[in-house]
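Comments concern the structure below.
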Amino acid sequence: MADALVFNPGSNSLKFEVVRLTDNQRFAGEATKRITAAIEEFGDEATLSVFDPSRPRQLAHSEKVKAPDMKAATDFALRWLKDQKVSADSLAFTAVRVVHGGVKYDGATRVTDEVLHDIEALEELAPLHNESSLQILGVLAQRLPDTPAYVTFDTAFHRTLPEEAWRYPIEREAADRHGIRKFGFHGLSHRFMVEQYARTVGKPLGEVSVVTLHLESGCSASAIVKGRSVDTTMGLTPLEGLMMGSRSGSIDPAIIPYLMHKEKQTVEEVMKLLNKRSGMLGIAGGTLDTRVLEKRDDEAARLALRMFSYRVRLAVGAYLAAVGDAQAVLFGGGIGEDSPWLRAGVCEGLRGWGLELDPALNRSTEGQVVVSTPASRLQAWAMPVEEGLQMAHECQLSIKNAGNS
Ligand SMILES: Nc1ncnc2c1ncn2[C@@H]1O[C@H](COP(=O)(O)OP(=O)(O)O)[C@@H](O)[C@H]1O
Ligand SMILES: CC(=O)OP(=O)(O)O
Ligand SMILES: [Mg+2]
């Protein structure tokens, strides 16, 4: 048995967990969380939320803390963990989620100067994320210098995409000169969902084909055939694909020069608009949080939720076609797990595929649950995603593999 400390910087938060791994675990879901917490809304009054480790997303305690940025939040987390009696010598390793690993990294890796350099080189393609990971790694190198540090990559799971999926239909030479291709992200989450599904239904991973949905501030879908990712909605960067909290997702690319021209803005300003002031925030105004939007009864909030659910539904339809004979649609991430309205809105359009939602089961917002009827040919599941457990599991596998080679 070993404990690992994992950090998951999102576009909107820093989540951190102490994970207890068992010696020969085959699935991430066999590990348990000892501590799980998040710092959100960085600033002098950031929020520290501490969750019940045994119940997904159940808040146990919350307080205001001073954490103006990712570095300060990491510093705070380490001090706070010390108060919780988590000492450096109780940790087998630390792990940090890195969103962009390019084509080079296919799994968890021990941090070296070369790895840090590669993460930095990819910063341009994941500006909301890679820099945050480097900041966390900097604090860990200073504060826990003797604990081995690992990184896990969102892109690793999608390295199995076939060329017709990862190649963009743009001039080949130009794309290849600059490494322009679809990478895909949220791989820890998509991998966790499909493996957890396989584990629960008792099938080998190689016999499982599903569509997975990771829906939080950042959102993506993945088409998975026989346990391997064959397509995913995010692309060269985490801006492509579904409508998100504050990101537009896919739009007509001609909108970018048109807006630059009409609004007399630079490309950086327009990219900021698409990353930070679009998506549900851009349509509803005021917030990107679906829990708040659900409670609002103005037309803008309702439109944002309808647009979001419509776009998720379209992606699921496309990926059911990509998979061909999917067994289930897995709804994960804060919105996927917790929002009956979203699941109903998406499944409404999937009757033709033989998906029958059970309205009573769909009202459940707690834990992993099948929300389709027993007779439904295609199943729908609400599936709590545990990126932290997946990170710790992938690092343990990499340590074992290194020991065996
Ligand atoms: N119970 C829940 N807990 C947390 N987030 C939820 C919940 N239900 C819905 N959500 C949605 O998920 C978003 C939170 O995503 P978060 O985990 O902070 O994303 P990220 O990892 O991209 O920073 C919220 O803005 C909200 O829209
Ligand atoms: C890749 C990505 O968008 O990550 P997150 O949803 O955690 O911001
Ligand atoms: Mg996230």
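For all residues, glycine too, the Cβ spot is worked out from N, Cα and C.
Residues annotated as active site, proton donor/acceptor in TrEMBL: Asp154. Residues or ranges marked as Mg(2+) binding site by TrEMBL: Asn8, Glu387. The ATP binding site annotation in TrEMBL covers Lys15, Asp289, Thr290, Arg291. TrEMBL lists Arg97 with the feature substrate binding site. Marked as site 'Transition state stabilizer' by TrEMBL: His186, Arg247.
Everything TrEMBL records as a feature, shown here on the structure.
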| residue | record | CB count, 10 Å |
| --- | --- | --- |
| Asn8 | Mg(2+) binding site | 23 |
| Lys15 | ATP binding site | 20 |
| Arg97 | substrate binding site | 23 |
| Asp154 | active site, proton donor/acceptor | 28 |
| His186 | site 'Transition state stabilizer' | 33 |
| Arg247 | site 'Transition state stabilizer' | 28 |
| Asp289 | ATP binding site | 17 |
| Thr290 | ATP binding site | 25 |
| Arg291 | ATP binding site | 11 |
| Glu387 | Mg(2+) binding site | 26 |
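Following the DSSP three-state reduction, the secondary structure of Lys15 (ATP binding site) is strand. When secondary structure is read from DSSP and collapsed to three states, Thr290 (ATP binding site) falls in the helix class. Among the recorded positions Arg97, Arg247, Asp289, Thr290, Arg291, Glu387, the residues whose Cβ sits under 6 Å from any atom of ligand 1 are Asp289, Thr290, Arg291. DSSP assigns Asn8 (Mg(2+) binding site) to a strand in the three-state reduction. Among the recorded positions Lys15, Arg97, Asp154, Arg247, Thr290, the ones whose Cα sits within 10 Å of the Cα of Asn8 (Mg(2+) binding site) are Lys15, Arg97.
In this structure the alpha carbons, written CA, of His186 (site 'Transition state stabilizer') and Asp154 (active site, proton donor/acceptor) are 5 Å apart.
For Glu387 (Mg(2+) binding site), the nearest neighbour among the recorded positions Arg97, Arg247, Thr290, Arg291, judged by Cα separation, is Arg97. Nearest to Asp154 (active site, proton donor/acceptor) in space, judged by Cα atoms and limited to the recorded positions Lys15, Arg247, Asp289, Thr290, Arg291, is Lys15.
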